[in-house]
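Per TrEMBL, the features are as follows:
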{"type": "TRANSMEM", "residues": "B:20-39", "note": "transmembrane segment"}
{"type": "TRANSMEM", "residues": "B:46-64", "note": "transmembrane segment"}
{"type": "TRANSMEM", "residues": "B:70-86", "note": "transmembrane segment"}
{"type": "TRANSMEM", "residues": "B:98-122", "note": "transmembrane segment"}
{"type": "TRANSMEM", "residues": "B:142-162", "note": "transmembrane segment"}
{"type": "TRANSMEM", "residues": "B:192-214", "note": "transmembrane segment"}
{"type": "TRANSMEM", "residues": "B:220-240", "note": "transmembrane segment"}
{"type": "TRANSMEM", "residues": "B:252-279", "note": "transmembrane segment"}
Amino acid sequence: MLELNAVDSGYGETQVLHGMTVTAQAGRVLAILGRNGAGKSTTLKTVMGLLPAKAGQITFEGRAIGSGRPYDIARMGLGYVPETRDIFRSLTVRENLELAAKRFPAPPGGWTMARVLELFPRLGERMANGGMQLSGGEQQMLAIARALLMNPRLLILDEPTEGLAPIIVKLIHDRLMDLKRTGLSMILVEQNFGFATSLADDVVIVSKGQVVWTGTPDEIRADAEAQHRWLGV
Amino acid sequence: MQADLGFWVLQGLNALQLSMLLFLLSVGLTVIFGLMHFVNLAHGSLYALGAYAAATAGAAIGFWGGLLVAPFAVAALGVVLYLVFIRRMRRAGPMAQVLVTFGLIFVMLDLTRIVWGAQALSAPVPALLDGRLTILGVEYPAYRLFVIALGLAIWGVLALVLGRTQIGAMIRAGVDNDSMAACMGIDVEKMFFLVFCVGCALAGLAGAVAAPLLSVTPDMGLQILIPTLIVIVIGGLGSLKGAIAGSLIYGVVQTFGAVLFPQFASILIYGLLAAVLILRPAGLFPAKG
Amino acid sequence: MLETRNLSKSFGAIHVTRNVSLKLERGERRVILGPNGAGKTTLFNQLVGEITPDEGQVFLAGEDVTALSVQARARRGLSRSYQKNTLFDGLTVEENLGLAASVTHGHWHNIRYDSLTRRDVQDTVREVAEQVRLMPYLHARVSDVSYGVRRQLEVGVALATRPLVLLMDEPTSGVGPEMAKGFHDLLNDLPRDLTLLIIEHDMDLAFAVADSITVLNYGEVVFDGSPEEARGSSLLKDIYLGAWEDA
Amino acid sequence: QAEDIKVGLLLPFSGVYAALGEEIETGFRLGLDTFGEGSGASFEIVREDSEASPPVGLAKTRKLVMQDKVDVMAGVVSSGVLGAIRDVVDGAKVPLIVANAGNDEATGEACSPWITRMSFSNQQVNRPMGKYLVDQGITKVFTIGADYAAGQQMIGAFAEAFKAAGGEIVGQEFTPFQKTQDFGPFLAKAKSSGAQAVYAFYAGGEAISFVKQYDSFGMKDALPLYGAGFLTSQLYVDAQGRAAEGVVTALHYVPTIDNEANRQFVEAFKVKAGHLPSEYAVHGYDAARALVEAVKSGATDRETLGAALQKTSFDGPRGATAIDPATNNIVQPIYVYQIVAGEGGAQTQKVLSQLPAEADPVNGCEMALIN
Amino acid sequence: MFRHTSLRFWALGLIAAAAVLRALTAEYFGVEMVAEIAILAILVIALDMVAGFGGMVSLCHGALMGAGAYAYAMLTVKVGLAPSAAFAGAIAITGAASWLIGAVCGRSHGIYFIMATLAFGQMGYSLVFEQPVFGGDDGVSGVPRIDLSLIGLDLNDPRTFAFACLFVLGLVYWFATHVLQAGLGRTLTGIMHNEQRMRALGVNVWRIKADMFGLSGMIAAAAGALAAQHVMFVSPGLLNWTVSGEALVVVILGGLGTIIGPVIGAIAFVMLKHEVSAHTDYWHLVVGLILIAVVMSRANGIFGWLEQRLSRARPSSARDVIAHQVRKDLAAQGALEDA
Ligand SMILES: Nc1ncnc2c1ncn2[C@@H]1O[C@H](COP(=O)(O)OP(=O)(O)OP(=O)(O)O)[C@@H](O)[C@H]1O
Ligand SMILES: Nc1ncnc2c1ncn2[C@@H]1O[C@H](COP(=O)(O)OP(=O)(O)OP(=O)(O)O)[C@@H](O)[C@H]1O
Ligand SMILES: [Mg+2]
Ligand SMILES: [Mg+2]
């Protein structure tokens, strides 16, 4: 579905990704793990067109998106939940949601306002709040809800559990599990090892801007050495 | 003299007329200034250009033609400015923007002098609006009533578009975080480009409207700039409500100040501005967020 | 050392803190838990004075500081770190710590000498840098160091004011497991007489450092007790931990 | 032996007064071309932009005097600049032919033998109108003008003469200088003041706005508008259009003055500039002529030029013009004129009356003669 | 934070040498230009102190300089004070006024600060223009220069006056860099980088801002008092907001937050203006275009560009910090900052 082939990328002069090669398959969940600063977020930003790919190719469903603009890429069906959440501060929670809901009409069985509010009832209580008035966790919920409302074909989540209370983490885990069952393709970047491995179909580990380990959740759970070496667990 | 009702009505209309002229001008600036967080000191120059365009086109095809041409001519210049300067300066912070547009003021001042000469031009009042109407027992120039009506109409249209439509929310989202907005499938660049053009067109319209009222001189833009900035700062950046409130406050203080306390008139408005900034550092009606 | 009485704050119709009464003894280390949006950060903001409460008082070392400004409370020994890094990004690590230390030692307002080259300031900078393990990074610019180092500095800057009470808002948020462990050691090495109030989502860390635990839910204190009690509390499980623990 | 005279021309070529600077320069160059031929001298012009700013004007003056070592200076549009440079030219003993700035002090208490004014003084233009209005049967007047030194002097001189002739000032308004775009509030005040007429002084963009707005409020019928002639000067009357018709003002020059010198001047100027000359053009033209006449009388350097300029006298476009030895100010007739519709719909000045030349009072000036 | 790099010392030395040489050898107008540059340089140092190290981008420094000039002129011409006493008086009066402005405007940030200072500046302009005591549009003439005949100097001689201006400039440079390196300056820079944190550390933010603005105003007043002596005349145009705008232009042209940069900016600006205006009446156009080009180039002015070229470890430019602050105000962090 999404393929990165020998991609180089970075910030200005500093190169972070060195020949990143990774494939996300349709209908599966790919977990990308790695230490702080390994280049996980950078990979996602490059996919979304927020950073230019200096070398290599990125294709989505066979079409090259290597140097596309973020808005073209989003329209191809990629939904992105950034690490920093990036809630629109001067829009209310409702407006934040509507921005996606009104512009990406839900296909039958797709995500609607009603459904995301069911998923995150907390947001329902905060509909009229400004985006900047939300707590960290609420912002995370809003960011996920917003991406879901775009009804993407590939959902890209950058550390969706960061800063969340365990109960919410559990909630999100269950809901993402539901999504997975409906066949939605996902890429999940996580620090939370348990969370990631229980959701993923495939796992890659990134270090210094390269994939250093590929396998399945069972394999990585079993591989204590790799865990220690690449994740510091 | 001051007890006379007609006097107050007349001055009230004067205040309203000044307010609406300032509103037409400041609303364009507030749209650019507030929504794109872009400080465009050259807005006054665009206004002057609108007046020149209206005067020139008006001489050839009449007032109404001029009124129509001016916003488009200024928007066309806006396109050039956007492509050459603004696009690159959007993220540069207010200081760099103040300075680039400060430079533009002088460039455009000299360009108008080169193109139209240093002498004042005029634009005649259209025949339709040349007379006077009587309201509340006061004779008032029809053209000034037209300015008032036009200001109110523009206000209505903008309030509708920005407040009630998805476009308004998209613009604000783009202002907050353009990368994220782009990741949600919003063509931020194009949207800002349009916003800027509309802001320029409004400045051009204000110039075209002002031309028959005032004299068309190269420095008219510089003269109107400070009042416009005051209006916006008093009202609060980026909010339509602020632009209208600021314009009304300015119009009333300026008009009645000039008549009732002539020796303090100009200090009055600066004092008011300072007071507003002390009590409400972000203006009376700042945009949400 | 730090006490609140019936602290309440609402934004519009939302009650963010309701009648929060806390009492921290000198040297106590308390962790605040609570679901997202429970009002933990807002409580901190009221403690340090960035937000004024609608009702209630804050006492610092027995003195009512409710009416004092942020800076006045800080000078009386109340210091905090932020959930989101709030650093002097363009400056070096040393300068970051030095700015804080120069306030502590009262050099921040002179026009005669360089506050950062003062002996007392330099000593404090060095001490704190050692405490939060920043010695290798002293001369690096903040914008050049990694996120984890910045989290350490976030705490370091708060420490450099030599506080009586230190409030830390999710010091480990966003750092990996390795670094989180480092934070644990770091906290354990802090002087024992320093009173600590920590917001934390990392359960292991919370239980490891806490003398006592307070749980906030919808702005209310719903639990107050020792870590052992907390571990067994079904309430805590229901509103905060959920069934996740075993995954 | 051809004499080479170095002239420092100090005018605003940028800023709000740029149009006036242009007009004066064109007139000055035309004057040199017209009269310079038989003088046996060649004139070299060093032009400097004063930006109508006193400090800049002063710096440029010092440069012209100390570095370029000009023999004579001409120009100066704004009274502020003239005030600022007065001590320098006086101290350095460089003759200066003032080609516009009309502040009364320059040829009053602050007069200098080295400064001769070939333009006008503020009081000179307005004083005669006091008596003229009373003669027309107008005894109650509302005055309005820009709030700066020139505005106050112009309105002041009129008011004094008007009161002396038996008139009454029923209201007086000074509007913030160059900051007033909307005169509506003041016009409403004038309307309700009970005056028979309004007497106004404005120039530049303000003059255009004022006259147009005066007309738009329909006040011309009930309250005829009078004023200093700058209000409806040739420079602005095209822009004012029909709004200016009927306004009666007084000035020392309009292009429709009926004499041979003026006809020649208007013709030549039109060829050169493409439009009718304004009073500013004639200031430049006559300043050049005064300089040439001085050279013709044998002057060659600062001192002799200064002495000769004090004795200037000729019949020019404005009629008989001469320098008053007591103040070094020009003495010239004043023309009362009305704007009327001319052929082809364009507005033109109809001279109603020529008031006799009258020297300004000495006003504390102790003029020394050079030599 | 202000640091004296070796490049800055070199630049300082070169400028000093060039200025002395020019003041000794130039013709009359060249000498006048030295004085003009020195006065402008004093003003822009004052502005750089607050804008480059405190993020307080002021659009009233022209007015502060004007206030200093008027205070000096009024005290000498109308009050009859001795020029040297008037000089001190002008500095004190203007310093107090700018302390107040700093205290009041200190609460605003970004564009609001710019506008608030603009309002105060224009207020001063209107006051001077409209109150008859100040001589209105005509200004005040006959302003005397300080009498230094006691030590055998005649300031009425252009060359001596130029040297006096250079001397004051040197003094001001020393004072400004000293204050910026002292506690006050350090704290101010901390505030520019992160005001919230500074407050949480116990700093009384408005006091720091007001104090620095007051000091800056005193320096601007010194520039004004020198300007009044230079032209021996003051007029309201001195206080106009465009003067403040020009001062800001000069700071940016030279390099914000470097102190020496703005001095270079002053030299470049005055020379450029004279060169271009000698060739065309439309010099505003040319100067405006050059200014735009400089601001739009990524470099931090002339000196910032030099520093970037010549030294590896580039101190963070204040311009970036201010722009960054504002962006932080605007966006909730994240992707925008990456760009
Ligand atoms: N805006 C930036 N400018 C320069 N370098 C950056 C920027 N953002 C990140 N980096 C650097 O790029 C490298 C990779 O960062 P990235 O954010 O991709 O890591 P990550 O794997 O997502 O880590 P984390 O788990 O902490 O989110 C790091 O060394 C980081 O310091
Ligand atoms: N200025 C404000 N206006 C309105 N509501 C606010 C404001 N600030 C915070 N809130 C609300 O108060 C609640 C508590 O927020 P707070 O940041 O204190 O939560 P928290 O406990 O720190 O959560 P987290 O663990 O997610 O950081 C949230 O629901 C938030 O939306
Ligand atoms: Mg990341
Ligand atoms: Mg929080």
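Note: Cβ is positioned from N, Cα and C throughout, glycine not excepted.
With a cut-off of 8 Å between Cβ atoms, the residues of this chain six or more beyond the transmembrane segment (B:98-122) that come close are 39-45, 48-49, 52, 55-56, 81, 85, 89, 92, 211-212, 215-219, 221-222, 225. Fewer than three CB pairs closer than 8 A are found between the transmembrane segment (B:192-214) and the transmembrane segment (B:252-279), and contact between the two stretches is not assigned (pairs 6 or more residues apart). For the transmembrane segment (B:142-162), same-chain residues at least 6 beyond its ends with a Cβ under 8 Å from one of its own Cβ atoms are 13-14, 16-17, 19-21, 23-24, 27, 31, 125-126, 128-133, 135, 168, 171, 202, 205, 209, 212-213, 240, 244, 247. Highest Cβ pair count under 8 Å relative to the transmembrane segment (B:20-39), across stretches B:46-64, B:70-86, B:220-240: B:220-240.
If one looks beyond the transmembrane segment (B:70-86) by at least 6 residues along the same chain, the residues whose Cβ comes under 8 Å of a Cβ in the stretch are 38, 40, 42, 46, 49-51, 53-54, 57, 100, 104, 193, 196-205, 207-208.
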